[in-house]
Structure formats: C-alpha cells, structure tokens
Amino acid sequence: MAGGGAAPPPKQEELQPHPVKDQLPSVSYCITSPPPWPEAIILGFQHYIVMLGTSVIIPSALVPQMGGGNEEKARVVQTLLFVAGINTLCQSFFGTRLPAVMGGSYTVVAPTISIIMAGRYSNETDPHEKFLRTMRGTQGALIIASTIQIILGFSGLWRNVVRFLSPLSAVPLISLAGFGLYELGFPGVAKCVEIGLPEIILMLIFSQYLPHAIHVAKPVFDRFSVIFTIAIVWLYAYILTASGVYKNARTRTQLHCRVDRSGLISGAPWINVPYPFQWGAPTFDAGECFAMMMASFVALVESTGTFVAVSRYASATMIPPSVLGRGIGWQGIGTLLGAFFGTANGTAVSVENAGLLALTHVGSRRVVQISAGFMIFFSILGKFGAIFASIPLPIFAALYCIFFAYIGACGLSFLQFCNLNSFRTKFIMGFSLFMGLSVPQYFNEYTSVAGYGPVHTGARWFNDMINVPFSSKPFVAVLVAFFLDNTIQLRDTTVQRDRGYHWWNKFRSFKTDSRSEEFYSLPFNLNKFFPSV
C-alpha cells in the first residue's frame, strides 16, 4: 500500500484517449441539413468568392502566353466560372452528392504550357490567331484526356483501386492535397504584403478570437469571416490605389497591389453566354493528348483525396468506393464540358472551398448548389462578375493559408484510426510524406534552373508524361504509401488493425452501413437505375 503522504492515483477516465469518430462532430449543418435560406444564400456567395481566386489565377497565367489580351482573359475566366457552376451542380446531384465545388485544376497547367510552347504555334504572328489556335489544341487534348476519368470512374476500375485504400495510406494523400499547395500561400501574400498580411491577421481575429470574445446568439464572425475581411481589405486596397501610393511603384507591384490592374472589368462584356466551341473546332495532336491524359489521371488522384476531406468536413461517413468512382466519372464529364466550352483547363475539386467547409462548420449540399448558381449568374453578367474577379490576388493567397491548412490537418486527423506506436505505421507515414515533398521539389528545382524537367527527350509529350506526375506532391506521396501499405507484412493479423483498415471495412460497400443511403443516394429515385454497390 502507498504511504499516507503519497498523492492519490489519477482517475481512470482522465487517462482515456479521445474516442475515434466515424463522423466529425461539432458540424453545425451536415450534407442533408441546410441552414435557413437567408444564411444559405450568404454562405453560397462566400463559396463563390473563394473559388474566384483559382478561376482568375489560372487564366491570368495562361491566356497572355497564348497570345490573348484582356478581352480574351475575361472571356476565359467567365467560361471557367460558367462550366464550374454546371459541374458543381452535376457533382452535387448525380456524382458523389458531396458539397464539393468543382473548379479549375493546377495540375493541367503544365501540359497546357507545353502545348502553348509547341513549335506548330510559334510561327503565328497575329496574337489573336495564335490564341485561337492554341486554345483549339488545348481543347482537343482535354477532350481525349477526359476519357481517362470517365472510363476509370464509370467502369468501376477506380472503385476497385480505392477499396485498398486504408486510413494510413489516405493520410499522405489528403495531407499533401492541402499542405502541398504551400507555394500558393504566403509567397502569394508576399507579392503585396501590405494587403495580404492584413487579410491573414483579420481572418485569424474574425474566425478564431472574436467568436469567443463577443458572444452572440448565432455564429456570425467565424461563419462569415471571409465576406467581412475581404470587404475591409478590398476597401483598404482601393484607398491605397486611389490615393496614389502605387503611382511610381514597379509594374509588378502595381499588378499585384492595385485594384484596377487586372484588366477584367474593361475586357468583360456586359452580357455573354459561353457556348461550346466558341473558339472554333478543336484540333488534335497525339503527343499532346497523351501528356494531357497523364495530367488528367494525376488530377483524378488528387481529387480523390479532396473528396474524402469534403466528406469529413460535411460530417458524413467515409465515402464508399462506388460513390467515389461515380464522382470521378462526373469529374471526367466536367473536364469534357470544359474542353467543349474552351476553358483551357481541366476540372478538379476545389481544395480552398473544401477548407471553407471547415472554417464555417457548414457542410450543407444546398449551400454549394447556391454557390453554383452565383457562378453561372455572374459569368453571364460579365461586368458584374468581373468586379468581384478583380479582387487583388494576394487577398486570395491569404485565404489559402488558412483553407489549405485545414485540408492538410484533415489528412492528419485520419491517424486516429491507426496505431501510432507501430514502427510499420511510422515508417510508411514518414517515408511517404517525406518523398511526397522531396521528389517534386527535385523536379521543380531542376525545371526552374534548366528550363525543362529531369526527363528531357526529343518527345515533349513523353517528357510531360513523366515530369507532370512526379511534380505532384499528393500523387507521389500516395503512390509510395499505397504500394508500401499493401505489400509490407500483410499476412500479419495485427497489421490490418495497425493501418486502420478495419475501421473502413463497413464503408467499402454502399449497403453495409445504413448512413450511406442518407448521404450518398441519388435523387429522383435514380438508385433503381444506377445502383451503388
């Protein structure tokens, strides 16, 4: 027995670890429980504002290289928004049914630049004609590339691959889908630090401190922090611009800091309805199609991780493989639509909007459908949409610092299903995360110094097929983790529990958990005709 002066032993319940949760608690509105209409409309508008960043950044990088001016850039931004709205509606009604915003894909940028630099366009002297010819070449490559996602998704092949995904191998995929985009965060803020840094600070104050300092009946400051802070910083940027602070600044500084340098408002028409093949008939080149197909596959893998993160932040159960395959198939249709309309870009799940679900604690499907309505509406009313699209990009970069971090943290949260005291778990997790950061760093460093990737043969399309996937951090990480997790010590019975595989067993089939019907079943009784397995 312990001596009389010894401290009493701690209570047993104090030593218990936090319980594992199939669904994320503390979410105010899940997929099937929409907020009141006024709140839902404001939240939908907030999603629209957040996805504008990528929708402007990608065309702003590509269109000038293609030979286009402000008018072409504004039309491509409008087209990208229009198609994103349609794809988001299709995904929420017929795809995964998750509140996932479908926007542009950064992965497709590299092969698109490769098409722009192709020799067959370099002789064109007229910039507008060069833009049209390059756009048609990109459309042709994307039309062929979309078949990869459509076939893998709807045939059930991707469903069979995802069935081997465990919580352990999902951690590197989802974590680097968020953390791997760090280059779009603070480096973008620093391009105009007097605008970007106040946005980060205000976002932290509004979302993390004010809700606890000022008690109101309903969450306001954190839920609508994006609208509050963008309005304040945008006004501040306008005052700086109007007062002549940047009058003698460098051209690059003016481009990032001024509110009147995007060229979108002057270039956008008042009313414009994008339509298929508006740039002309697509052209096809076999090599470019192969390169774009590989980029399409990488985008598919990255979106898989983001879909899982969205299901978590929407307080749904783990997404069944058959539903995930269905979503990837619809993502392929989205890429095909983008190719028809001429967005010069593919389709992927918007990582920043997935992070917004976490910030607002609202994972409602209706909110995202409303945001899709805003995308379509403002893409048709060009001038009005261009006003919002002209928000300085460092403000969006500040938002990315928070939203991408949320997705990275979501990936790490799946470690709750794994045995972290297992050396096997530590090795697979650590090695895959390290290689997911290190291998793309080598490829990107090599490219920035040499002007081309480590694989440099006479066939540009072959170079892209190797360089593009190995420049993607989530792709490399999940490739390493998936292979190791499904080959090391699998015959050991304790390994299945260490990797958390048993936690997701009940979600590997659509019908083995009753909650799957609630979250993922198709509307209008379509499950009778398109059953999930």
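Every residue gets a Cβ built from N, Cα and C, even glycine.
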Residues flagged as transmembrane segment in TrEMBL, choosing from 291-307, 427-443: 427-443
Of 76-94, 196-214, 226-246, 395-415, whichever stretch has the most CB pairs under 8 A to the transmembrane segment (45-64): 76-94
Same-chain residues near the transmembrane segment (76-94), Cβ under 8 Å, at least 6 residues beyond its ends: 51-52, 55-56, 58-59, 62-63, 68, 100-104, 264, 268, 272-274, 278, 326-327, 330-331, 333-334, 337-338, 341-345, 347, 365, 368-369, 371-376, 378-380, 382, 385-386, 389, 522-523, 526
Cβ-Cβ under 8 Å with the transmembrane segment (100-119): same-chain residues at least 6 beyond its ends: 47, 51, 54-55, 58, 61-62, 65-66, 80, 84, 87-88, 90-92, 134, 137-138, 141-142, 181, 184, 285, 288, 291-292, 294-296, 298-299, 302, 306-307, 310, 327, 331, 334, 343-350, 353-354, 368, 371-372, 460-461, 464, 467-468, 471-472
Surrounding residues of the transmembrane segment (427-443) on its own chain - C-beta under 8 Å, 6+ positions past either end: 168-169, 171-172, 175-176, 180, 415, 418, 453-454, 467, 470-474, 476-478, 480-481, 484-485, 488, 499
